[in-house]
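Worksheet: the structure to be examined is printed underneath.
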Amino acid sequence: MAYKITSLAGDGIGPEIMASGIKILEAIAAKYNHTFEIESHPFGGAGIDAAGDPIPPETLKACQNADAILLGAIGGPKWDNAPKRPEDGLLALRKALGLFANIRPIQVPSSITHLSPLKKEIVENTDFVVVRELTGGLYFGEPKHWDDVAAVDSLTYTRVEIERIIEKAFEIASTRNKKVTSVDKANVLASSKLWRKIAEEVASRHPDITLEHLYVDAAAMLMIQRPTTFDVIVTENLFGDILSDEASVITGSLGMLPSASHAENGPSLYEPIHGSAPDIANQNIANPMSMISSVSMMLRQSFSLFKEADAIDAATARTMQAGFLTADLGGNTSTTDFTNEVLKQIEGGE
């Protein structure tokens, strides 16, 4: 079977880490006899440079026709004053594809627990997932207005928006440790009262999965105090934006973590959580781990290639345990050397 993948390398370190991700895909294809049809297109700043638009029509069409999309990174000071910014392309892509659920796994490999800003005994064995709603809430609510006297933002959520994201969280929890933590502010916000009510309704359809509720301030505190108590966290757009970024620093480096964004139907988008890091671009020092892990997520969640994804995850773990660490992890391994070691581990693994 052939899998169609649209590659959006983007800007800054994006092309370097995308090259790593594609090499990993090629190794998996060779070892397990798969065909990955990879089509590259300009996006973000590269799209502006190539076609005057962060998401040129050809790029959007390729994304819509793909089985999955890989994104490197976008943005940079070069386009700060452009009429359309690179980030506008990502918002447009999310809207065009109907991407409503952002999935961010948080894990701390034993080889880098010493890099976490938290104590080793706190972060050891951390393994949870943040599920963030992407299409509703304060970021998209109307009316929205500001002037010198006052400003208005509107927080709106519909039953459909809430129910589908909470169902997604329960779906993920069913494959993990069967616990969902729903995060809201139901003691203050009307939208959170509806959120909590619907969470209970969804939970009643999944009796084998435990549901707990936390106010967002308590969740933010517990994520630092006892991160190992979480399995799947689900929350609305603004809270998810903040909590997922808070969770990301537990590992000690943004270069470690992947993310996925899913629609109800159609292709999903996989990308590292970090930015384009233009200050280290083209120096062969970027950590490709988050891109490689994004490839693993894609194989697992879009293509159901679980054995192949496990092979990638095991290879990256062995690579780091052997001391191959990039600069952000306190080492001096280059982007290409790290990638080559992972390739070696994939080829030599079971």
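The backbone N, Cα and C atoms fix where each Cβ goes, and this holds for glycine too.
Copied over from Swiss-Prot, here are the features:
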| type | residues | note |
| --- | --- | --- |
| BINDING | 76-87, 275-287 | NAD(+) binding site |
| BINDING | Arg94, Arg104, Arg132, Asp217 | substrate binding site |
| SITE | Tyr139 | site 'Important for catalysis' |
| SITE | Lys185 | site 'Important for catalysis' |
| BINDING | Asp217, Asp241, Asp245 | Mg(2+) binding site |
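Within the set Arg94, Arg104, Arg132, Asp217 that the record links to substrate, no two Cα atoms are more than 28 Å apart, and one pair reaches that distance.
Considering only the recorded positions Lys185, Asp241, Gly275, the residue whose Cα is spatially closest to the Cα of Arg132 (substrate binding site) is Asp241. Here the binding-site residues are Asp80, Asp217, Asp241, Asp245, Asp279, and the one ringed by the most other CB atoms within 10 angstroms is Asp241. Among the binding-site residues listed (Asp80, Lys84, Asp279, Gln283), Lys84 has its Cα nearest to the Cα of Arg94 (substrate binding site). Using the Cβ center of Asp217, Asp241, Asp245 for Mg(2+), the list of other same-chain residues with Cβ within 8 Å runs, in sequence order, Val216, Ala220, Leu238, Phe239, Gly240, Ile242, Leu243, Ser244, Glu246. The binding-site residues Gln283, Asn287 differ in how many other CB atoms lie within 10 Å of their CB, and the one with the most is Asn287. Taking a C-beta cut-off of under 8 Å and a sequence gap of six or more, Arg104 (substrate binding site) has these contacts in its own chain: Val129, Val130, Arg132, Ser244, Ala247, Ser248, Leu257, Pro258, Ser259, Ile273.
Asp80 (NAD(+) binding site) sits 35 Å from Lys185 (site 'Important for catalysis'), taking the CA atoms of both as reference points.
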